[in-house]
Amino acid sequence: MNESENDLFQASSSPSFTKAKWSKHEEKFSTWWLVGLTGTVVVIYFLVYWNWVSMPIALRRTDELTHRDRFIAEVAKQHLFEMSNVGPRVAGSYANEIVTVQFLLRVINDIAAEANPAQKVEVEVQQAYGEMFLDYEKYPQTSVYQGIQNVIARIVPSQSKEPDHFLMLSSHFDSVPQSPGAGDDGTMSVVMLEVMRKLAQSGAPYEHGLVFVFNGCEENTLQGSHAFVAHHRWFRKVRAFINMDVAANGGRDIMFQAGPKYSFLMEYYRDFVPHPYCTAVAEELFQADLVPSETDYFVYSNFGNIPGMDFAHSTWGYLYHTKYDAYDTIPNTTLQHTGDNVLALTKALANAEELHDIREHEGSKAVFFDFLNWFLVYYPLWASILLNVGLSVIALGAIGLSLWMIARETELTVGQLLLQGLASMGVILLSLIVGIGLSLVLAVILNAVDSTMSWFTQTWLIFGLYVCPFVIATSTGPVLYIHFVKNDHLSLHARVQLFLHATCILYVLILIVLTGMSIRSGYLFTMAILFYTFTTLVNASIKYAPFAWLYVHLAGQIAPIAYFSSVSLTAFATFIPMQGRGSAGANPELLIALFAVLVGLLVTGFLTPLVSLARKSYLFVALIATFFVVSVIVMVTSVGFPFRAHTSPQRFYIYHCTREFYHQNGTLRRLEGGYYIHPQDRYTGDLVQKITIESGLSAVPLGDQCEKELYCGIPFYQNTQHAQRNNGLWIAGAPFSLPETIDLQLVDEQHDSQRNTTTFFFTVKGTDHMSFYVSPVRGVKLVDWSFSNTIPRSGLPWNGQDVYFINYVHGIDDRAHSFFITVQGLASRSTEADWHFYLNVVAQYMHHEQYRTREFQDFIDQFPDYAHVVAYPAHLVSRIF
């Protein structure tokens with residue numbers, strides 16, 4: 001062996017962090033290697049997407065002969081056709097209270113007739129009256145219901161005594177206005193029917209009873225579930241529940257809330273559900289109010305004080321609460337996926353030992369997530385603390401071992417090596433800050449120039465607009481540092497390893513902070529650290545063999561990249577459609593940019609430092625920058641327009657208002673009409689202004705109306721809509737008359753001189769959806785009323801006055817509603833002498849399209865085909881007593 005061959009042999013067997021005889025050229029890869037690595041990441045992403053959209057084969061009726069215990073999707077789909085074919089099922093409407101109730105009774109009675117002799121199926125219709133208080137921060141409300149209906153069935157053993165413990169399954173059959181409600185929540189209602197049918201066919205009795213609650217009034221502040229909890233005798237034996245709701249059409253059912261603090265439920269989900277799809281991230285995001293809705297899980301856990309699980313379809317939510325939420329948008333495979341999961345879980349929990357004494361099994365919250373829908377990972381919160389702390393120690397130890405090996409093989413002292421490590425961490429941290437900053441600044445700029453939501457339909461633009469700047473910054477930082485800051489003691493590979501170690505240490509710091517805050521979503525960083533630590537130890541065992549260490553490192557990144565790709569699919573598919581029905585005053589770009597940056601951090605954190613290993617790394621950065629520029633160009637073209645007809649519509653809420661304002665003596669102060677347009681997204685105002693200009697109308701902000709009139713004098717459906725008053729638009733018009741107008745009568749007035757109180761007794765007759773705004777004048781206090789047992793706290797004040805909001809719905813019982821209000825004290829302002837309180841009564845004619853005037857219909861018809869317009873008449877009467 002000659003001298004040069006000997007030198008090469010020694011170099012090839014030396015650790016990669018020593019300089020040896022390698023030249024800079026030999027230490028680096030071709031830029032095409034980076035392109036190949038990027039292509040591999042993209043391939044992994046699309047393989048995960050293929051797996052994510054792959055669903056079980058939907059079974060047909062003919063399959064039942066060979067699959068007697070399986071859920072049959074075709075049966076559920078046939079029920080869905082009949083259920084959604086009646087049109088919108090708004091609480092209080094004939095379609096909801098009569099047609100749908102009779103449909104459910106007929107199907108359940110058929111199930112009872114075909115049940116196995118070992119099972120007894122009972123069914124009844126609950127007609128409920130009651131109230132509940134929803135303590136929202138700025139807009140608390142008292143929710144009152146009269147004669148709403150639930151269809152309730154149960155399965156009990158036919159040959160033995162009634163069980164003492166029951167498992168409850170719940171869904172709702174009502175829908176929002178102008179939506180067939182095939183997805184929300186017809187899908188889950190028919191899933192429950194088919195699950196009930198299969199359970200009733202079992203020849204063996206279950207350890208516990210089964211209750212099926214078909215809730216007839218969920219869309220209006222969860223009243224149906226509260227009615228069952230508060231007023232039905234069967235609830236007293238319910239020990240746990242499975243709630244099923246929908247915020248999308250199709251896709252997998254995600255289990256996004258569990259417990260709380262009854263982690264044994266997750267053990268059953270892990271052991272019995274055939275298609276797991278769940279994550280603690282979804283639970284924490286939902287409970288942090290980042291999802292603009294609630295489910296009946298809230299009522300069952302907070303008012304019923306029982307543990308349970310919340311299932312939902314949440315992907316592709318563009319059609320949710322629109323006229324496009326129709327029968328033909330629900331795939332049979334979605335029904336099969338959900339039915340398989342719910343049937344298996346219900347069978348298991350129906351025989352669960354834990355339900356005998358549920359309180360004995362109260363524990364802590366849990367970390368849970370599925371891995372690519374293959375299997376479930378679950379461990380309680382206390383175990384996550386031990387895992388995260390222990391893993392952090394091991395990770396730091398592995399990094400320390402690597403640094404010791406570098407120090408031993410180089411001429412650097414430990415102190416010098418630590419300085420190099422700190423410098424590397426500084427570079428990584430600065431690169432992350434710049435990358436995050438670039439993405440967020442772009443989000444602010446796009447919002448400022450009214451170029452938001454280009455990704456609403458073209459979701460790939462998110463990666464071009466927000467992930468690309470992040471990757472450019474996190475790649476360029478290490479490249480520039482290595483290029484301008486020379487180091488004669490460390491090889492290029494060793495310097496890249498220091499960047500990777502610095503990234504891991506940063507992840508460890510983030511994980512420790514999240515663990516200290518009891519944020520279970522920190523498991524995302526646990527996974528990243530776990531695989532990096534493993535490959536670090538493997539590389540230490542092979543002494544960081546040149547080039548081999550890199551492939552060991554990359555092999556360890558396959559599983560995290562695959563999982564984080566799955567997380568990104570779930571996050572974007574869930575939250576992108578929500579930006580079309582959120583707050584018009586918020587910047588939708590910021591939330592999406594934050595998600596994009598988080599995905600970029602998790603997927604590329606251990607990859608971008610490797611760009612420094614390329615011979616012409618600037619070409620790779622230029623390639624990413626080109627994709628960014630292309631995305632910006634596409635964004636400003638028609639392709640980047642957010643909305644599409646039938647698939648991703650723009651939403652509008654329009655009330656055709658008649659408003660009557662009266663003096664304290666009962667004489668009419670003002671009578672006026674017009675259209676109130678409630679904003680749903682950033683583009684509401686632009687389109688409305690365009691339409692009104694073409695029509696010769698004028699759309700203006702509410703302005704000082706909100707100071708002059710209680711709740712701006714607008715007949716809001718929910719008081720929370722008042723939060724968008726600064727973005728709402730008013731178009732003045734003529735008042736109109738309605739066949740069933742508000743009939744508010746003051747029946748009696750009684751004064752108690754000892755208590756200095758006055759009680760006013762009223763009756764009101766109107767449509768099925770009404771609300772009341774009560775605001776005592778200054779110096780007067782609300783001390784009692786009939787809407788609830790206690791006086792709740794006031795919401796956002798109006799001109800220094802307390803404001804109380806009552807949401808009222810009647811179902812099958814449409815009799816006049818009687819109520820009283822008791823106030824104490826005297827008005828403190830001379831202009832309000834003898835005044836006690838303002839009372840606004842609002843009526844919403846949600847399912848009365850026949851009440852639309854010709855002018856109103858003409859105005860609605862001017863909206864483009866990509867707009868979904870929920871439009872109906874509304875009436876407001878404002879009185880002073």
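Placement of Cβ uses the backbone N, Cα and C atoms for every residue, glycine included.
Fair warning: this is a prediction, and the values are worked out from it, not measured in the lab.
Tertiary neighbourhood of the transmembrane segment (32-52): same-chain residues 252, 372-373, 554, 558, 561-562, 565-566, 569, 603-604, 607, 610-611, 613-614, 617, 620, 623, selected by CB-CB distance under 8 Å and a gap of 6+ residues from either end. Per TrEMBL, the feature transmembrane segment maps to 32-52 (among others).
Annotation comment: TrEMBL describes 150-345 as domain 'Peptidase M28'.
The transmembrane segment feature in TrEMBL is assigned to 385-407 (among others). Residues 15, 17, 379, 413-414, 417-418, 421, 490, 494, 497, 501, 504-505, 508, 511-512, 515, 522, 526, 529-530, 532-533, 536-537, 539-540, 543-544 of the same chain sit 6 or more residues outside the transmembrane segment (385-407) yet have a Cβ under 8 Å from a Cβ within it.
The domain 'Endoplasmic reticulum metallopeptidase 1/1-A TM' annotation in TrEMBL covers 423-634. Summarised as a single figure, the pLDDT of the domain 'Endoplasmic reticulum metallopeptidase 1/1-A TM' (423-634) averages 95.
If one looks beyond the transmembrane segment (427-449) by at least 6 residues along the same chain, the residues whose Cβ comes under 8 Å of a Cβ in the stretch are 465-467, 469-478, 481, 499, 502-503, 506, 587-590, 592-594, 596-597, 600-601, 608-609, 682. Annotation comment: TrEMBL describes 427-449 (among others) as transmembrane segment.
For 461-484 (among others), the entry in TrEMBL reads transmembrane segment. Remote same-chain partners of the transmembrane segment (461-484), defined as residues 6 or more beyond its termini with a Cβ less than 8 Å from a stretch Cβ, comprise 423-424, 427-428, 430-432, 434-436, 438-439, 442-443, 446, 454-455, 492, 495-496, 499, 572, 592-593, 596-597, 599-601, 604-605, 608-609, 611-612, 617-618, 620-621, 624-625, 627-628, 630-632, 634-635, 640.
Annotation comment: TrEMBL describes 496-515 (among others) as transmembrane segment. Non-local neighbours of the transmembrane segment (496-515) in the same chain are 16-17, 384-385, 388-389, 391-392, 395-396, 399, 402-403, 406, 420-421, 424-425, 427-429, 432, 478, 482, 490, 521-522, 525-526, 528-529, 532-533, 536, 544, 549, 553, 605-606, 609-610, 612-613; each lies 6+ residues outside the stretch with a CB under 8 Å from one of its CB atoms.
Per TrEMBL, the feature transmembrane segment maps to 522-542 (among others). Long-range contacts of the transmembrane segment (522-542) within the same chain: residues 280-281, 367, 369, 384, 387-388, 391-392, 394-395, 398-399, 401-402, 405, 500-501, 504, 507-508, 510-511, 514-515, 548-549, 552-553, 555-557, 559-560, 563-564, 567, 602, 605-606, each at least 6 residues beyond the stretch ends and with a Cβ under 8 Å from a Cβ of the stretch.
Through the fold, the transmembrane segment (554-578) approaches residues 37, 41, 44-45, 47-49, 52, 247-248, 251, 254, 279, 281-282, 290-292, 314-318, 320, 371-373, 455-456, 459, 462, 524, 527-528, 531-532, 534-535, 538, 591-592, 595, 599, 602-603, 606-607, 648 of its own chain, all at least 6 residues removed from its boundaries and within a Cβ separation under 8 Å. What TrEMBL lists as transmembrane segment is 554-578 (among others).
Per TrEMBL, the feature transmembrane segment maps to 590-612 (among others).
Annotated transmembrane segment per TrEMBL: 618-643 (among others), in sequence order. The list of residues near the transmembrane segment (618-643) in space but at least 6 beyond its ends in sequence, with Cβ under 8 angstroms from a Cβ of it, reads 31, 34-35, 38, 451-454, 456-458, 461, 463-465, 468-469, 471-472, 475-476, 479, 580, 611, 649-650, 681, 683, 866-867.
Taken from TrEMBL, the feature domain 'Endoplasmic reticulum metallopeptidase 1-like C-terminal' applies to 647-876.
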